[in-house]
Amino acid sequence: MSKIRVLSVDDSALMRQIMTEIINSHSDMEMVATAPDPLVARDLIKKFNPDVLTLDVEMPRMDGLDFLEKLMRLRPMPVVMVSSLTGKGSEVTLRALELGAIDFVTKPQLGIREGMLAYSEMIAEKVRTAAKASLAAHKPLSAPTTLKAGPLLSSEKLIAIGASTGGTEAIRHVLQPLPLSSPALLITQHMPPGFTRSFADRLNKLCQIGVKEAEDGERVLPGHAYIAPGDRHMELARSGANYQIKIHDGPVGMLAMRQAGAWTLAQNEASCVVFGMPREAINMGGVCEVVDLSQVSQQMLAKISAGQAIRI
């Protein structure tokens, strides 16, 4: 089996050295070249034809976002962004995911070398996932058509969504067409702490429904989506006639919900960037219906209107 060929673009010589050490320490991948800026990277991409690019956000001559936008338009390839763990860094990273980056790695704020080496296994796994990603499914999505508003649904109705790699854009595509009469949505998206608040704020500006990072003890309301804070779990508890969020994901939970009577949806392979969580849920028997991403919003509201609880 051939190794995954990686090219790293970063203006820091130390970061290029660290990324080379990390990539070359795994037997299934190799660093074929490094570049100090996007203009050098452009020539190296032509020369080495890498499978995956790791790309810093802030660089001289051309920043990472400008380069990513041009790259995805002219020569699409799997990209893993390398970003600082700051408010500004999270905003830029979310924009990179919109432009077509598969995933991202956050730089530690202190002890760069020790911190990055501690992330070695995580970085390698992100590179492996990126190498297998479907670029066709990760093309920028056009704004979905707003769905027709129906009567306000009962606070008893809920939709739960779980997402991992490639999920940020899929979630946007699902939430954006939902009318204010939609039931409450509870969302778990695999992200580090700090990024989920920026993600929620970004969606809140784009969607008709309210979108926010969930808070412990918060009452769940129709017409709102609640995103679990990074690295935390989210549960529901009864509070009188209402539901209340408890901040504390995946295929096993989905199977349990189906067994309890929920109607469960999974995104199909053709529209997934990485067909990981949906495949596991389908294989475990936790899925009632498999649909294309473009049909998820409409199917959710149709099932809810018919009186069924939904988990996707």
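The backbone N, Cα and C atoms fix where each Cβ goes, and this holds for glycine too.
Long-range Cβ proximity for Ser164 (active site), meaning a same-chain Cβ under 8 A and a gap of 6 or more residues, is found for Gln189, His190, Val274, Gly276, Met277. In the three-state DSSP assignment, the secondary structure recorded for Ser164 (active site) is coil. Annotated active site per Swiss-Prot: Ser164 (among others), in sequence order.
According to Swiss-Prot, the feature active site maps to His190 (among others), an assignment based on sequence analysis.
Positions annotated as active site by Swiss-Prot: Asp249 (among others).
In the predicted model, residues of the domain 'Response regulatory' (5-122) average a pLDDT of 92. According to Swiss-Prot, the feature domain 'Response regulatory' maps to 5-122.
As annotated by Swiss-Prot, domain 'CheB-type methylesterase' applies to 152-307.
Under the three-state DSSP scheme, Asp56 (4-aspartylphosphate) falls in the strand class. According to Swiss-Prot, the 4-aspartylphosphate annotation covers Asp56, on the basis of sequence analysis.
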Ranked by the number of other Cβ atoms within 10 Å of their own Cβ, which of the recorded positions Asp56, His190 ranks first?
Asp56
